[in-house]
Amino acid sequence: MAAQAISLSLLPTPPTHHHALPYHAKPLPPPLQHGRSPPPHLLKVSSLSEALRGVDSFRDGRLLVSLLRQCAELLHGDQDAECISAARQFAPQLHSLAVRAGRARDPHVACALVDLLARLGRGASSRRLLEEASDGKDAVLWNKHVAMLAEAEEWREAIAVFAEMQARGVPADGYACARALHACGRAGALREGKAVHAHAAKAGHVAAHPLVPGFLAGMYAENADVAAATRVLETMDAAAVAWNAVLACCARLGLVDDALELAERMARSGPEPSLATWNTVLSGCSRHGRDREAFGVVRSMLEQELLPDSSTMSSLLKSVANLGQIAHGMEAHCFFLRHWLEPDVYTGTAFVDMYAKCGRLDYAQKVFDALELRNMTTWNSLVAGYANAGQFDSALKLVEEMKMNRLDPHITTWNGLITGYSMNGRSSQAVLLLRQIKAIGLTPNVVSWTSLISGSCHNGDYEDSFYFFYEMQKDDVQPSVVTMSVLLRACAGLALLKKGKEMHCFALRRAYDHDMVVRTALIDMYSKAGSLTSAKRIFESIQKNNLVSCNAMLTGLAVHGQCREAIALFHDMCNLGLKPDSITFTALLTACRSMELITEGWEYFDSMESRYGVTPTVENYACMVDLLSRCGYLDEAMDFINKSPFKSAASLWGALLTGCTVHGNLALAEVAARILFKLEPYNSANYLQMVSLYEHEQMFDEAESLKYAMKARTLNSRPGWSWIQIEQSIHVFEVEGKPHPDTAEIYEELIRLVFQIRKTGYVPDTSCIVYNVPEEEKEKLLLSHTEKLAITYGLIHSDSSRVPIRVIKNTRMCNDCHEVAKHISAICDRQIILRDADRFHHFTGGKCSCNDCW
């Protein structure tokens, strides 16, 4: 039997100024039929329906609060459609009754009403109600207001309301303090968070309320103050949930070392780490490039007799793929099969992706074929694998199979192909595919364009990277932090300081400069573009540097010859708890080479494995050979190569050949050259070094014989060039290229400068001229060296004496040009920064930063 709607005439007379109702009154649903016992949620509906008929009882606020809460519970997401529909009909009636009964501003009724409105999706109405109701000093409403704003992720508003509470003297309860701390953490407001911490401690909530310790530790962790977060966890004897929350925060922010340390503390003295704990740390390792540490995390998990799940395997296989260690991947696969772990589409996709990225497409295809369940990600992983390997026919065939299986390739599928084309040097096909995507109605996204830019940068086509960036902007696609880091790498590759500054400003306008990847790319760009001061400034502005940023700064200091600073930075990072890797030692050994620090170089190389647990790579061995060879210890370098595990590596013999060329050791150079001609038969640089050494020793027949061998192998010598940027123009000076339009003016100024510096003691060093010509002719040939022409052009056309002259050269600087640059810097009072094939030279006041060691 149908129930009648409540007559509004029976309700109490509303106040003169009542809260505006957001609903129209609706009839109540019919009562339940008698019979068998209804489900619990229908009993709630029935009780609400019956209660709404007892109008007089609404003068009791407690009953109204109870009914509002029951109605809110009926709106919970796990209820059925009938229940939710009934609750949506009750809600406006309850709101109307609360207003007409004059209870809408009652603190407890208002809080219950706010919850109900929030569950109805009426967030704006609920906030407006709270703002109107909390004009006074009622603590219940203020605390509810703070909690509600925080739950809605309006962090700054929650912090502001909490601060206003304190200003008005309204006491905050433990839940409001917890939510305020959460807001301070997510908003990065450490100062405000400390103020909330002080208030909570004074009020006794830190020890009394169960949520406060976890949110307090989380607030400090979100602001990268892991030490304070750890003190809170240990002092308050926090539960495992709080520890895991801090761990998750560290993993998300890239504080992997802190996450690892926290997990170890839990294992030693805190709550026992769970599978979720280790999975969180493992995810942080794989996400932030700490792939080697991922294996240690899995080992700790197994020692605790915790069986990995699909999340564990996915993160581990991602790290395996990043390292390209197929053996570890196969071991993980065997473990998975041996322990009868439940296969699902996610682990299957992870195995396909791992095998594809490790170059075993045959295994990837077998896993793919054996999968009963596949999603789009599974298909896309295999398509990308074939494309990255250059097997485009197989990739396109797989795309056709997707269509046959009623799966429409989406933008991620095509992005895999675009990446494959661009990384394999087929940018034209990638651009064509991008246009075809547009033609079929799909919109290329930031990943599509970033793949093109990254591929061009990877192949050394830096100019194309900037061209694609401009096209990307025309397409109204906003670059990501990854796009910015790739473009900064292109600026570093070309040593374009002005273009790099433009990209820096671009990043500043979009607030990308706060991202750690972009900051590290900026350090690298400024270092390689010759502005070490700017690189240091960015490095010092980072509150907590990680290993990658420290390595970038170390490398910058090394190539600029700042050996002592590099060594000091190395010890600082070790004292801060950062574990060095092979890249760290490559930079450190390069720095030692720049100052010929043999003893220090040996100490650092010997301590790699014994003290720091880092296995030396071929690059580390090559650095040691280079250090020994450049310092004249050629026999020791030869013996070092023969005892190394990389005796067949071309980089080691190349370093030895360079040292032999510098010191004129023809016999040992011939030994190194013979090995290099077998290892790298098409590397013209090895032939050219021997040609230069033969000509220097007046062995012209042998030199001609090598030149003939180069022609027989169709090897072209790399032409020497230098360039300088004036305003927005690049001026290139080539040995065999077209002469510069201002050649006459440049030579006139250069001859005048040489005449001046002769008076200060300069004597031309003609030893680098190997042609059999008179001495006067050799001195004339010295004037045509490209770096001299570029420096002179910079002196003529630079506006300010404060701006350094920056020259980039593709080969090693000769002794005579080095002396000329030193003298010019003194008589012209100009700083000259020149980057050659080996390092940077900073000429100031007649001295060079390399101390004549290069």
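Using N, Cα and C of the backbone, Cβ positions are placed for all residues, glycine too.
TrEMBL annotations: computationally assigned, not manually curated.
Here the structure is a predicted model, which means the values were calculated and not measured.
Taken from TrEMBL as is:
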- 761-854: domain 'DYW' (DOMAIN)
- 138-172: repeat 'PPR' (REPEAT)
- 239-273: repeat 'PPR' (REPEAT)
- 274-308: repeat 'PPR' (REPEAT)
- 375-409: repeat 'PPR' (REPEAT)
- 410-444: repeat 'PPR' (REPEAT)
- 445-479: repeat 'PPR' (REPEAT)
- 546-580: repeat 'PPR' (REPEAT)
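Beyond its flanks by at least six residues, the repeat 'PPR' (410-444) meets 376, 379-380, 383-384, 386-390, 392, 395-396, 399, 402, 451-452, 454-456, 458-459, 461, 464, 475, 477 of its own chain at Cβ-Cβ distances under 8 Å. For the repeat 'PPR' (546-580), same-chain residues at least 6 beyond its ends with a Cβ under 8 Å from one of its own Cβ atoms are 254, 257, 261, 289, 516, 519-520, 523-524, 526-528, 532, 535-536, 539, 586-588, 590-592, 594-595, 597, 600, 612-614, 839-842, 849-851.
Outside the repeat 'PPR' (375-409), and at least 6 residues removed from its termini, the chain residues within Cβ reach (under 8 Å) are 345, 348-349, 352-353, 355-357, 359, 361, 364-365, 368, 416-417, 419-421, 423-424. With DSSP states grouped into helix (H, G, I), strand (E, B) and coil, the repeat 'PPR' (138-172) comes out at 27 helix, 0 strand, 8 coil. Residue counts for the repeat 'PPR' (445-479) under DSSP (helix as H, G, I; strand as E, B; rest coil) come to 26 helix, 0 strand, 9 coil.
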